[in-house]
């Protein structure tokens, strides 16, 4: 009996060893593992982990945020797509129909939005419209009321504020038009190659505090790059101060988010009967697979999560601005406006409850003079990137590029305006800290794009699970 048990135990141990990989080959890595194995755990420069963000975004925030962005207040965005590129003249305009943008007819936009670009309430609108009219005349008319004269001067000061991180469109220009974002969705347009590379190359090479001697990994406009250049780049990046390193990661995260959208809404079929859009797994792998991108893809996805945390933090900080009773999401439809404000505040309070917010207090700390100079450099570099968006040859890409850079710029403005937000009056116009309707629409839609990217990563992870 003892021998029999000994034989049985020995047999079971042998089987266990074989099953644990000692006697057979491990299964090959799946495509999901190659794209996402490094996209987990804690993020650099943060106390937050990827898994917490996924759970919070995908199940608590994303559905309600999408509902808000479908409302009239947030779906109509005024933009000037005819501004000339300030940096070069040889722009090859994309002639593909998917690159085109369909602007709104005048009667499609709610009257409350058309008559009030900055607005909170009907009473506030009347005052601000009077201010804007006086501003267009080029001087403060002495016949205006004292309150209106003061408002004109205060809003002029705001428009010239050094806290603005973007060069915004002049929405009074005859070339500025309303666009319905739901009818002009961000998706793959076919705009690619040297023209698209040039835009990103100028952004990275000239605006991310990088010396020319440091070569960026996988730069399509550079030749002869190898592992040593990659190691040099990341050694340089880790040696930067936290602010400059964060700047690069924000731009990389924005780039990654846009690429996720293009892969998730790819033109899969184009016939005279219909167009079919959907997930292009191959496109996603080419952009993010750890092997195909020599380790770059997973780094880019982690930067996307970093961008998510920065914009999430900004939204949590600006809650007092939207809680003020005078603030309305004004479209002219009182019932709908009230419902949307309630939904907006629900979303903002949910965001405020997020347990692992990014701590921006490490930014621009230390010597005050040096910190102020660094902040100004930071602002000017980002402002320059917002101007580069006018050089994009695809109009739909330009539309979403302008909106998302303005949204991120607004988030940065909020993060560095903490004292101004804290000192806002509980009622009446806020002169020191102010958000225009353009800034509000771009802020929430830009965050909506990043939120969608995080949700799409879950979809791609599932789609790639059984692919090797």
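Counting begins at 1 with the first residue displayed.
Glycine is treated like the rest: Cβ placed from N, Cα and C.
Whatever TrEMBL says is automated annotation, not expert-curated.
What TrEMBL records for this protein:
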- 394: active site, nucleophile (ACT_SITE)
- 397: active site (ACT_SITE)
- 187, 189, 200, 252, 255, 287: FAD binding site (BINDING)
- 94-99: disulfide bond (DISULFID)
- 394-397: disulfide bond (DISULFID)
- 1-23: signal peptide (SIGNAL)
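Considering only the recorded positions 94, 252, 287, the residues lying within 10 A of residue 394 (active site, nucleophile) on a C-alpha to C-alpha basis are 94. For residue 287 (FAD binding site), the number of other Cβ atoms no farther than 10 Å from its own Cβ, over all displayed protein chains, is 20. Of all Cβ atoms in the shown protein chains, 18 besides its own fall within 10 Å of the Cβ of residue 255 (FAD binding site). Of the recorded residues, residue 252 (FAD binding site) and the residue listed as 'active site' place their C-alpha atoms 17 Å from one another. Sequence-distant contacts of residue 99 (disulfide bond), defined by Cβ-Cβ distance under 8 angstroms and a gap of at least six in the same chain, are 189, 190, 191, 393, 394, 395, 396, 397. Cα of residue 94 (disulfide bond) to Cα of residue 287 (FAD binding site): a span of 22 Å. In sequence order, 255 make up the list of same-chain residues 6 or more apart from residue 200 (FAD binding site) whose Cβ falls under 8 Å from its Cβ.
Cβ neighbour count within 10 Å across all protein chains ranks 394 highest among the recorded positions 94, 394, 397. Close to residue 187 (FAD binding site) in the fold, though at least 6 residues off in sequence, lie 98, 261, 262, 265, 266, 267, 277, each with a CB less than 8 Å from its CB.
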